[in-house]
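Have a look at the structure below before the remarks.
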Amino acid sequence: MALQFFSCKPKYTFLSSLLLLLLLSSSVAELSFNFYAGSCPGAELIVRNTVRSASSSDPSVLGKLLRLIFHDCFVQGCDGSVLIRGNGTERSDPGNASLGGFAVIESVKNILEIFCPGTVSCADILVLAARDAVEALGGPVVPIPTGRRDGRVSMAANVRPNIIDTDFTVDKMINIFSSKGLSVHDLVVLSGAHTIGAAHCNTFNSRFKLDPKGNLELIDASLDNSYAQTLVNKCSSSLDPTTTVVDNDPETSSTFDNQYYKNLLAHKGLFQTDSALMEDDRTRKIVEILANDQESFFDRWTESFLKMSLMGVRVGEEGEIRRSCSAVN
């Protein structure tokens, strides 16, 4: 019998996550939930503590870590290739120019290299750090199998065809997700990452403008007028739109919750891609369910985040354990 994605009270548990793991590729089968139990038993605790410590001095780093995992996994899989520095690498692509959180990953790696040299991959660190960032903001704890190896290839040319731009249509987003083995449900659920984090004004200010008299003029009619006015005020013409940031979620920006979906119902999605989810029946119905049931969102997030974290993983000779996350060995 096929599993139903939504029910009145979904009960996705550790067992369902394990079942999902077993159904995926043979490479994934080489991962395990206790991969470092013998070789580096404190690995996950070190990741968690370092993330918490970094966020105490810079709370914005949590949203940055979550965004970072999307930009890694969607471009040739969760292999840590987005972390590599250098001309022509993924990290050098303009589409990744605003990424952050790299220093936290390097801090974790430096500590682990002291206690467990050459053991824990940067790919695993990145996935665990994103998982812990969500937990630190009140989100669900996602069981993550580890044992990923680090990729040796990082090419800027691979970035643009694989990441979603803020003006994409639902069809374009579905096509990219489908190419990664992710469903429409995964698209809507993982878009919930926008319940935290912030965005630069130039990523959404094409949705409105001021007329010659200084009055607001909506270019995107799907945007709530009062919310658009708030965005205009925060993205004043006197400020640099490439450096000025606005919270993705205007209501509960420091909490991982289902407020993002409630915002969409009120036509207060920051990006065109957010608002687009309300314009298509395939996605709108899922938004409505998640907006009304945070438990359902957390259950769905656990499943979809796990699926994303298993995309294109490297194991064995397919990769390496980098000594530094910013460079191949």
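For all residues, glycine too, the Cβ spot is worked out from N, Cα and C.
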(request) Choose one of Cys78, Cys116, Cys122: the cysteine that Swiss-Prot connects to Cys325 by a disulfide bond. (result) Cys122
(request) Could you look at Thr169, Thr195, Thr203, Thr302 and say which one Swiss-Prot places alongside Asp249, Thr252, Asp257 in the Ca(2+) 2 site? (result) Thr195
(message) According to Swiss-Prot, one residue among Asn87, Asn96 carries the annotation N-linked glycosylation site; which one is it?
(response) Asn87
(message) Just confirming the record: what cysteine out of Cys40, Cys73, Cys201 does Swiss-Prot connect to Cys116 via a disulfide?
(response) Cys40
(message) In Swiss-Prot's disulfide listing, Cys73 is paired with one of Cys8, Cys78. Which one?
(response) Cys78
(request) Tell me, in order along the sequence, which recorded positions from Arg67, Asp72, Asp79, Ser81, Asn87, His194 have their CA within 10 Å of Asp249 (Ca(2+) 2 binding site). (result) His194
(request) Cα within 10 Å of Arg67 (site 'Transition state stabilizer') is the criterion; apply it to the recorded positions Cys40, Val75, Cys78, Asn87 and give the hits in sequence order. (result) none
(message) Could you check which of the disulfide-bonded residues Cys40, Cys201, Cys235 is the closest Cα neighbour of Cys122 (disulfide bond)?
(response) Cys40
(request) Mind telling me which of the binding-site residues Asp72, Asp79, Asp249, Asp257 has the densest Cβ neighbourhood, counting other Cβ atoms within 10 Å? (result) Asp72
(message) Can you give me the same-chain residues 6 or more apart in sequence from Gly77 (Ca(2+) 1 binding site) with a CB-CB distance under 8 Å?
(response) Gly151, Met311, Gly312, Val313, Arg314
(message) List the residues in the vicinity of the Ca(2+) 1 site, defined as same-chain residues other than Asp72, Val75, Gly77, Asp79, Ser81 with C-beta within 8 angstroms of the site's C-beta centre.
(response) Cys73, Phe74, Gln76, Cys78, Gly80, Val82, Glu90, Ala123, Gly151, Ser154, Gly312
(message) So among Val75, Ser81, Ile164, Thr195, all listed as binding-site residues, which is physically nearest to Cys325 (disulfide bond)? Use the C-alpha atoms.
(response) Ser81
